[in-house]
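This report concerns only the one structure given below.
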């Protein structure tokens, strides 16, 4: 149980592991959905192409949108692109790297659906049976053009009386199915070659830019996650202190009215929780106005990515009563080894 808990915590702490897990889950769901889908072509010249192409393209579009929604980095990418510059400049290279990462994971499930549909061939036969050239097949020589169109529309329905046990239907269906599988295997081979070249040729080039963009894209994701966790921690501590402050004020009021006889002194609001491990920078923000100011400042002007620089308005911009260090104190004094 302890090993499972440690594995789950590691899985939660790694954004890439979470996104890869979601990608694999969507891929498995895609295979299950396609295998359980009951394909039924309408066998009408006017609707065959619409039904076949719709089944080939619309579910992948839905899976692509689900992949974007399930990927947390897509939201982080949009927030990073739309946020005000403030004291931190926006790097388009980081946005492009995050967009590439999001699209690669979101396109996995749609590509699997399209490849399964092409290798199966039913959608392709239904979509393009009515547009086949009858001159490629000798069995249509004795048919009128209207009979040919009706026959081609019935090709996907092998149980129909018009095309049952017909060599022409088998020939058209076999031709379209082979063409569909050839396209599917070609796309599969192309994707494998592209992935192989990208994996093998990437170490041959300078990795500096790639490592920098990967690092800062992970930083943006982790920074927002840590900010949310810190806000939850502060909200819990703030609520705890407010509740205890309310009980302390009620004890004072009860003693003033003579409703309480034991002479226990009220606890001071500043030491209500009795937890010496609470961080001072969390407890310094102790009013609704300060919290709103903090959240507004975080959105409109994120701090610069330089811990050695002067803190500027971040040291005391939220609370003039908050304790601050000496004027010449810097963070480097605590981090130097």
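Just so you know, glycine gets a Cβ as well, placed from its N, Cα and C.
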Given the ranges 162-181, 182-201, 202-221, which one is assigned the annotation transmembrane segment in TrEMBL? 182-201
In TrEMBL, of the candidate ranges 81-105, 106-130, the one given as transmembrane segment runs 106-130
